[in-house]
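Structure first, then comments.
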Amino acid sequence: MMMVEEERSIEEHLLQLNDQNDDSGCRVTACVILSTLVAVCGSFSFGVAFSAFGSFNTLGSAIGALFSGKMAISLGRRRTMWVSDILCIIGWFSIAFAKDVMWLNIGRISSGIGLGLISYVVPVYIAEVSPKHVRGTFTFTNQLLQNFGLAMVYFSGNFINWRTLALIGALPCFIQAIGLFFVPESPRWLAKVGTDTELENSLLRLRGRDADISREASEIQVVTKMVENGSSSRSSFWDLFQRKYSYTLVVGIGLMLVQQFSGSSAVVAYASTIFRKSGFSVAIGSTLLGFFMIPKAMIGIILVDKWGRRPLLLTSASGMSISSILIGIAFTLQKMQLLPNLTPIFTFVCLTPYIGTFAIGLGGLPWVTMSEIFPINIKVTAGSIVTLVSFSSSSMVTYAFNFLFEWSTQGTFYIFGGIAGAALLFIWLLVPETKGLSLEEIQTKFLHQPDEINQT
């Protein structure tokens, strides 16, 4: 009873803070931009790895996901990115200079572990340092840099040696490792493990030396205290099964499952196989997709803080479902030997909006949402589980794709279309809108008023 009264008192204090007229948290400073650019450097390597080096990277990423949350809370966000850079650099150099298959696989697993760490810590770090009114835009740049990596492989993979691609993948890791010396630690992490002075210094660097950061600092400290008082200071796996966390866990895991089981990883990894099967030129198709990768990701960046998360996710799921079904129809016509000259073009025309609608919503927004919804006390365990679910399901879908494709080309895409349709229902019923809310406001609403957030 006393704990409930204390939490209500804290919520009232948050409301008072929200009523204050303070725009310091809305400033986009050079430090925030630099911090975001440094953080997303490693995402370029992610795009290169998962379009060029495949299955063992996914295995390594699943391993990295297991430890990502624990490392991020124990070492901090910056040090975890440094560990990731070291693993990725070792991995890329092992691939580039491999003399046999063993070193090639060691390199893939090492870089995969590093990328598994990056996948969790980068969106979390960006969400924790960005002003709330542009948090979605800044976090979505993670997806943009992944698309740069994908585009580079699609465009240049036809004429650049895979060893050179590995060296190119290592370059952003070096840039990130150096850049991390010049950016601050996450203020939310410092609120949990550091001192008030360290928290305030981090916020001053991020918001500007002349900014009044008292309200934001107080809000972070109050909510950190609230969530830690609501459970033991050391969160465990079993804490996730408390009723107050069930909603966030269902949303986080559910988004990762529909992201992968709608076929995205397999379609990106095996685009050349799909082109070949349909009769479309692999070289032309890969090059055109390479040109298309960057503009489609830019659309999501532009719209995420204007439209909001839910509209983009709903648009994404709808587009992927329709596109998958149309690709299935194209292969059905091919099997029936109807309109054979149109099948290659029709397949490419439908595959392009599939990848495009994936990029503006289900490609990046599950990671944005994951970085926003979990309170600091369960972010370790919940984030690790959600990241593990993503890579495990990605591995399963990528592995099963060839078998499904051999079984039935059209059936494969009908299955993907059906899952994307189910994703539409899941998003409509359960996924909240978090646009314009601070991380502390989101967490408070989830913990005590989970229904209210759906009304925004």
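Placement of Cβ uses the backbone N, Cα and C atoms for every residue, glycine included.
In TrEMBL, the transmembrane segment annotation falls on 138-156 of the listed ranges 43-61, 138-156. Beyond its flanks by at least six residues, the transmembrane segment (345-368) meets 119, 123, 127, 136, 139-140, 142-143, 147, 252, 255-256, 258-259, 262, 264, 267-268, 271, 274-275, 278, 280, 285, 288-289, 292-293, 296-297, 299-300, 303-304, 309, 312-320, 323-324, 326-327, 330-331, 333, 339, 390, 423 of its own chain at Cβ-Cβ distances under 8 Å. Comparing 283-304, 380-401, 413-431 for CB pairs under 8 angstroms to the transmembrane segment (311-333), the maximum falls on 413-431.
Counting only same-chain residues 6+ beyond the ends of the transmembrane segment (138-156), those with a CB under 8 A from a CB of the stretch are 32, 36-37, 39-41, 43-52, 122-123, 126-127, 130, 165, 168-169, 172, 268, 271, 286-287, 289-291, 293-294, 296-298, 300-301, 304, 359, 363-365, 367-368, 371. Listed by sequence, the residues of this chain that lie at least six past the ends of the transmembrane segment (413-431) yet keep a Cβ under 8 A from its Cβ atoms are 247, 250-251, 254-255, 258, 261-263, 267, 309-310, 313-314, 317-318, 320-325, 327-328, 331, 362, 369, 404.
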